[in-house]
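Annotated in TrEMBL:
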type: DOMAIN; residues: 483-686; note: domain 'Histidine kinase'
type: TRANSMEM; residues: 6-28; note: transmembrane segment
type: TRANSMEM; residues: 35-55; note: transmembrane segment
type: TRANSMEM; residues: 61-86; note: transmembrane segment
type: TRANSMEM; residues: 98-119; note: transmembrane segment
type: TRANSMEM; residues: 131-151; note: transmembrane segment
type: TRANSMEM; residues: 163-184; note: transmembrane segment
type: TRANSMEM; residues: 236-255; note: transmembrane segment
type: TRANSMEM; residues: 261-283; note: transmembrane segment
Amino acid sequence: MELNIGVLSYITGALAFLFLTFSLLTGWQGRFQGVLLASASLVSAIWAGVTAYALFTGKFIPAWINALEILRNIAWITFFAGMFGISKNALIRSSRKFQFILFSLLGFCVAVLAVSIFIHSGNRELPRQIYFLTDIASRVVMAVAGMVLVEQVFRNTPVEQRWGVKFLCLGVGAIFAYDFFLYADAMLFWHIDANLWAARGVSNALMVPLIFVSAARNPQWSFDVHVSRRIVFHSAALLGAGVFLLVMAAAGYYIRVFGGNWGSVLQTAFLFGALVLLLLMFFSGSARARLKVFLSKHFFSYKYDYREEWLRFTQALSVGEAGARICESALKAIAGLVESPAGALWMRKDAGNYVRYAHWNLPVAEGVESDNSSLCAFLEKQQWVINLEEYKNTPEMYHDLTIPDWLLAVPRSWLIVPLILHERLLGFVLLTHSRSQVGFNWEVSDLLKTAGRQAASNLAQMQATEALVVARQFESFNRMSAFVVHDLKNLIAQLSLMVANAEKHWNNPEFKDDMLSTVDNSVEKMNKLLAQLRSGKTEVTGRIQLDLAKLLEKVVQEKAIYKPLPVIEQTEPGLFVLADRERLLRVIGHIVQNASEATQYDGWVKIRLAQQDGCAMIAVQDNGKGMDEQFLRERLFRPFDTTKGSGMGIGAHECQEYIRELGGRIEVSSILEQGTLFQIILPLNTKSENDIASLQGEGV
């Protein structure tokens, strides 16, 4: 009997797992998953204890030691398989394929146990080397399977619940990883490393605190786990890597044993080449695509995980910018559904032809297709995804369809996907062959048609946005033109009235002075309007501090040619506002002019200026025709609505908009055949001279 480091290592492991088992049993809350965890811990403790005893006494019985080790692995695999059984996810609990995989894994472990007992029970009918290789290889596969199952539990647990299982997965995963390293090393060198074997006990003991923390965090063992295709793909890659390494190690061993003096050199060269080949497989897009097709075909009832595909498709659609970038994003999104590496997109133009809007890895295919062509008519009517290979081999399947030669001449052309919006053909997409041999069937066709409709909606929105931008530009220009024409109309009316009074008052020197002043003022205004038309922009000048009393005097002076003559009945000096002089002068002048035009010659138009509730109030009142309540409510400020035969209906609207821009308001009251009262209420200017200069510099 000898107390060596190996004995201490496995005694430490046994005591650690006994402590974990005791803690789990004392804290058990009646859940079956707790029983499985305690059982796995107990079997691990027994395995470590028996191994320590065998090392200490020298009575090493391989059959018992190996059987207990495999039972330990079975216990941990059963526990993690049970994690899926307690899931709230009904899809997992009802998935026969998933249950079949778990039971197959457990069956494999039981078979390994039987083989191990058979090998180490003294039967020598086959060479010892075959027994050893079979036993060690099965241990490696079991370790890989354990790591895969641990990965499944962790990666399929919702992110918000991973805090409860991450230490458990780390601890048990490390145990399986250590076994993988131990037995992979044994396969390569045909013996188990004594140091690695001795350190396994204490290495397992170090993982017990991690398992204990997760057990304390999950006394009820109730959480949700779900399986996605992405995780299956990653796990399949891991399993494939494990199988690949096993095969390569076995082949390397064969070369070393039977290769004579060159065996070691050949083994090294062979394993290096195998490693390079493995890396090439993982970095090859076509290899990964073929693996994905294989998994979809054999492990799922549908080829696609539609939730995953649609999330990726929507994300791909949303990355594009305006214009052609959106078209390119739509093209790439559709191509990604079938692993297509290239394609082009055509959309309908205003002339009715379909022209290429975007291309990706496909510099050719510049053709233009008419909207009444056989291809476009077929796509719009049938709304099919056209398989060009199928079309070439069995054209009768597509009735009288004729595909243009320029489209068929595109290298590796494969599918034509219609972009349907409101049962009309908005465009179509040409895709080239995928990286892998993706089979074309009803599921692929339906997915592409649905994606085409979604892409068509995004593209139509892009077209609508572009059209809206153009329409707004025209609207802005038309709005500016309408105001310019309105001002010209007022100037013409003013000059016409002056000409009409010229014969009657020609000998009056004051009339001549007024006429010259009016003509000069009209010429100045018309030059400004002409400048606006040339630039395509409305006149924008800086706001300045205006004395309202002086501004009203200017208004009365300009409107003196109208009858009845507007008069300032009351004014309050010292009232200032911040505004554009010409625009405010035009607004007040428009209201005064309308009052004069709506009043008989023997009537009156009175203007008052006063301070009211901290604001300046300009009142324009007349005793003219007046307006009814419905007209005031529904038509007065509506643009292009007028009761004047020669009017345009935008003057009152312009007045209201500018007063609102200044932070004020217009209040109107009127009675039919009695008159109207307009009240313009503006905020008084309380800014300093520096603030005013700043506003002028900013062009406010």
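Any Cβ shown, glycine's included, is placed from N, Cα and C.
Unlike curated entries, TrEMBL annotations are predicted automatically.
Sequence-distant contacts of the transmembrane segment (35-55), counting only residues of its own chain at least 6 positions beyond either end whose CB sits under 8 Å from a CB of the stretch, comprise 4, 6-7, 9-11, 13-18, 20-21, 24-25, 28, 61, 64-65, 68-69, 71-72, 75-76, 78-79, 82, 201, 204-205, 211, 215. Sequence-distant contacts of the transmembrane segment (6-28) (same chain, at least 6 residues past either end, Cβ-Cβ under 8 Å): 34-35, 37-38, 41-42, 44-46, 48-49, 51-52, 55-56, 194, 197-202, 204-205, 208, 211-212, 215-216, 219. Confidence for the domain 'Histidine kinase' (483-686), expressed as mean pLDDT, is 84.
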